[in-house]
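Structure first, then comments.
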Protein chains: 2
Amino acid sequence: MAYRALTEQEAVEYVKGLPGLFTEGAELTSREIGDGNLNLVFDIQEPATGKKVIVKQALPFARVVGESWPLTIDRARIESEALRIQHKYVPDLVPEVYHFDQELALTVMENVGDHVIMRKGLIEGKRYPLFPKQIGRFLAQTLFYTSDLGAHPYDKKALVGTFINPELCKITEDLVFTDPYENAPTNDFNPLIRKEVEAIWNNKPLKLEIAKLKFDFLTRAEALLHGDLHTGSIFITESSLKAIDPEFAYYGPIGFDIGAVIANLLLNYAGQHGLQNDQGERDSYREYLLETVEDVWNEFVSQFVQLWHKQAKERSAHVEGLWQSYVKRLIQDTAGYAGCKILRRVIGLAGVADLNAIADAEKRAEAERLALAIGEALILGRNDIEESTDITDIVRNVTARYYQEATTV
Amino acid sequence: MAYRALTEQEAVEYVKGLPGLFTEGAELTSREIGDGNLNLVFDIQEPATGKKVIVKQALPFARVVGESWPLTIDRARIESEALRIQHKYVPDLVPEVYHFDQELALTVMENVGDHVIMRKGLIEGKRYPLFPKQIGRFLAQTLFYTSDLGAHPYDKKALVGTFINPELCKITEDLVFTDPYENAPTNDFNPLIRKEVEAIWNNKPLKLEIAKLKFDFLTRAEALLHGDLHTGSIFITESSLKAIDPEFAYYGPIGFDIGAVIANLLLNYAGQHGLQNDQGERDSYREYLLETVEDVWNEFVSQFVQLWHKQAKERSAHVEGLWQSYVKRLIQDTAGYAGCKILRRVIGLAGVADLNAIADAEKRAEAERLALAIGEALILGRNDIEESTDITDIVRNVTARYYQEATTV
């Protein structure tokens, strides 16, 4: 079937035509629940049995703040392939793909509609004690087994080819690594923080470090990344986690995925300035977030290193001292990428609700200034980082200085 | 036509069937001049006009020291594609490809038979004053324009896919970065240097640095490399240079190609110990080789940086300080990869005539020990290198120490 966007009813007919999902006479409901900016997402259910699937179809354009530009539907192939690979290593943490249709750019997959978007949960002040173990395992398993450590050299190289993803990488290259650090038309920030944003545009050491991180993003094919692992790509309940939407998947530096998780925890941390008025509650929730940052890294690294010792087929992986030096670079990359991802969410095209939900513009500006200070400190301080508490110490110090200055002004 | 190895006569028929090369009634001679271990190489000439071409056909196996193993003929596609791209940027320095036949794994190309293999020239003590400018330009142009600096991001990523070259990369991974540093069955070294080789197998800091360089080789897709740029892949006359045989081409770290050139100059430098008995001549030729090492880097870097300033389309390339930091890492990579390539030629499967031509085993062992000491010093000392004289200083110091110790023993 040649590509065309499906209606709710056509989506039903489509899944009925697939073997093994629903019986022939099934009565199905269909509801399009996507935001229509990038993809159609049909929530299809069979009330009689409670059985349900998601049908996700890529649209041949992206629409952001009114603008619309063409965007390859090949990203549906990338996403379904990435989901399949990730599902192989962490089946409980990734929706199962039942069917992929290349021409329609359409994936039929497990419906995880009983989960909520983690970003929403964090904004509501929810705590997810299992999250570090879950995401740490997701990161360790998916990144290890697709890297030169865990994959056969031929398989790894074939996967690099499968996941060449130029258009979506370009979005990251522009919106994460370039536009926010100059006066670019795509930027979209709170006018009240113009002074701080201009200071970043003029901060030469910072821009140099970001350019280095960008070149690593462009060149370092370490593992199959999710590529966009923010808290909006994580569906969660108290007991379960599902990482979704790997449209940006490609072979890149491992620290980029871990940094995305940490950045989004810290964006919420900064947002607490305006999301939570009770100082005691705010401090307690921030403490929870910082512990989570530490635990995410610690869980990742302990599982990753265990895999390294037990599963690495690459002979040179076992050379004495290599894993320590590798892991040290990883945490430094992680901090650097986390910093870029924080800055871009404040300055660049795509904001986050953790900040945007703060109704009062001045209060929001204060939270955004804190986020900028944290992002900058992570990027500039990353080469001294060796363990997760070095990351949270940076955040604590920036925060202390921030409130001190606010008091003394 | 399904794949089969051609005879001399069939090669003639083949080129006669191609448009634009020879006239219909042309009388052609054909001579197979390859060594038969990897490829058939037919030197086809038309005596009446002096017109000539090379027909190179990949064999579906590799034969080394009696052993034969299957090897993908896809390498012929890689080679012809790489030649075409390189020819686009430095047409005078790369043979022109007239025709490629995927099924026969066969390339018809410019015949550069009036050139000699540079390794042979160096062994004979020839000097090539234009060489640094030529190879510096080859390196700067081909590496810059295929990197994220000089290529459109979509084009670069497409090229990464075109040049996925797992089987030939695996040969490098094993024979350059792994086997020589452990007691592997592929190793093939002079029994007289067993003590020094075992010292390398037990040198943990050295093995750690080599493993890091290997992981960079596995992951850092910086530019389209020639991939095997030793002095046997360089055809030369006093006025002309042609870089041939890019079967190992893939996207990797830029320093790997530059390091290959420098390694092979230094292998000849070490070989002079046995190749040249007159000490004055030897010292003078070595001085020439070290100047050449410096000039190769200096020519490369000055052209590369000039291209960076004038031609880099990548916006972030122009961030203050980036090119300096990039170039500093490049020379350190260059030294590291040069070191690995020196060590592997002494210890590993494939030796070089610069050393193997020394008939006396003890004399050859002495030259090999010097080569090992140079390779090791480059790898371990690379992080302090900032300019080309830092490389040659390392070589000079190792050499001085070497002859001093030889005298005092």
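Placed from the backbone N, Cα and C atoms, the Cβ positions cover glycine too.
Note: TrEMBL annotation is automatic and uncurated.
TrEMBL lists A:31-264 with the feature domain 'Aminoglycoside phosphotransferase'.
Secondary structure at A:K56 (ATP binding site), as computed by DSSP, is strand. The Cβ of A:K56 (ATP binding site) lies under 8 Å from the Cβ of A:G34, A:N39, A:L40, A:V41, A:F42, A:A76, A:E79, A:L106, A:T107, A:M109, each on the same chain and at least six residues away in sequence. Feature annotation from TrEMBL assigns ATP binding site to A:N39, A:K56, A:D245, A:P246, A:E247.
According to TrEMBL, the feature substrate binding site maps to A:D228, A:R344. Listed in sequence order, the residues of the same chain lying 6 or more apart from A:R344 (substrate binding site) and placing their CB within less than 8 Å of its CB are A:L175, A:V176, A:F177, A:D179, A:P180, A:A350. Classification of A:R344 (substrate binding site) by DSSP places it within a helix.
Spatially close to A:D245 (ATP binding site) yet at least six residues away along the chain are A:E79, A:D228, A:S233, judged by Cβ distances under 8 angstroms.
Residue pairs drawn from A:N39, A:K56, A:D245, A:P246, A:E247, the listed ATP binders, are separated by up to 13 Å at the Cα level. In this view, A:D228 (substrate binding site) is surrounded by 21 other Cβ atoms within 10 Å of its Cβ, with every protein chain counted. Summary of the ATP site environment: with the site residues A:N39, A:K56, A:D245, A:P246, A:E247 set aside, the chain residues having Cβ atoms within 8 Å of the Cβ mean position are A:L38, A:A58, A:R75, A:A76, A:E79, A:T107, A:I244. With respect to Cβ neighbours within 10 Å, the binding-site residues A:N39, A:P246, A:E247 differ, and A:N39 shows the lowest count.
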